[in-house]
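Visitor: Residues annotated as compositional bias 'Low complexity' in TrEMBL: 57-73. The compositional bias 'Basic and acidic residues' feature in TrEMBL is assigned to 74-99, 165-183. Residues annotated as compositional bias 'Polar residues' in TrEMBL: 184-195, 277-294. Look at TrEMBL and you will find 107-199 tagged as domain 'NF-kappa-B essential modulator NEMO CC2-LZ'. Marked as region 'Disordered' by TrEMBL: 48-107, 165-195, 233-305.
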Amino acid sequence: MSAAEGGTEPAELLEVNQQWDQQFRSMKELYTGKLAELQTKLEATERLLSSLEKGRPASPRASAEPADLAQEQQQREEKEKQTLSEELHALKKENKLLKENNAAMSRRREHYECEIKRLNKALQEALKVECSPLPEDRLGGPEAGCGHEDMRTEMEVLKQQIYEEDFRRERSDRERLNQEKEQLQQMNRTSQSQLNQLKSKVKACRLEQERLERQLEQMRIPPCRCGLGLHLPDTGAPAGPGAVPDLQRLPPDRQRGAPGRLPPDAQHAAHAKQDARTNSSITSKHVRNTSPKNTAGPCELRAVL
């Protein structure tokens with residue numbers, strides 16, 4: 001192998017090291033930006049979750065609001081729930097992408113390390129061939145041999161400097177790569193724990209929403225068929241779906257005319273008795289009004305007695 005070919009090997013090694021360093025820095029910047037974006041989304045999700053927790057009713061009394069307000073609250077909670085689900089899905093995708101990129105970067109680092117070892121080995125073999133002793137007839141005598149000895153010494157010094165520089169650079173790059181890998185793994189574990197916390201909070205919000213919906217269903221006022229909207233509950237109406245109405249608290253007209261209170265024959269007899277009482281009272285009033293007035297004086301009355 002010629003001296004020109006031996007000189008190209010260190011240049012190729014340095015060029016590969018520089019390319020690897022540039023690619024590593026670009027990948028680091030890309031992952032740092034993605035982690036910052038993921039952290040921003042996580043903070044936004046936490047703020048949304050805190051606002052959702054602040055918007056919860058403090059007691060079951062809030063479920064006694066009108067039906068339209070309850071429906072509006074339910075729609076708002078459903079929208080917030082959908083937003084949280086979308087944020088959770090996005091966080092899962094980001095976490096999966098980070099894991100894939102981390103695995104790809106690890107494979108690329110291993111490939112670069114193998115390539116650097118191969119180039120170092122090739123460089124060592126080339127330097128061994130160049131450092132092999134040359135015959136004196138090709139060197140042109142003892143004077144030429146002294147010049148070649150100086151050149152060989154200088155080449156050895158340069159080789160040692162190149163080896164030392166490459167070793168230091170490789171060691172620093174390896175240490176830096178391991179440190180950044182640990183940082184990325186720590187960030188990944190932190191993101192995973194925060195994701196699990198968000199999942200538990202979303203589950204708790206879902207259970208709370210279901211409980212509020214059940215309370216709203218239990219305390220909802222049934223609509224009136226008269227078309228006048230909501231009414232206050234009737235004092236004589238049954239308290240529950242299977243309760244029996246209190247007939248003593250109802251007015252007489254409602255007790256008599258309310259359907260399902262008495263059988264038909266009993267209702268007919270009650271109406272007949274009421275009509276008979278009305279007719280007898282009218283007849284007695286008519287007799288009192290039409291009877292002749294007593295015009296006898298007190299003496300005549302005394303004589304009659």
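Glycine is treated like the rest: Cβ placed from N, Cα and C.
Any TrEMBL annotation is an automated prediction that lacks curation.
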Visitor: With DSSP as the reference, give the number of residues of the compositional bias 'Basic and acidic residues' (74-99) in helix, strand and coil.
Guide: 26 helix, 0 strand, 0 coil
Visitor: Could you pull the average pLDDT for the domain 'NF-kappa-B essential modulator NEMO CC2-LZ' (107-199)?
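Guide: The answer is 77, the mean pLDDT of the model over that range.
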Visitor: Summarise the region 'Disordered' (165-195) by DSSP state, stating how many residues are helix, strand and coil.
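Guide: DSSP composition of the region 'Disordered' (165-195): 31 helix, 0 strand, 0 coil.
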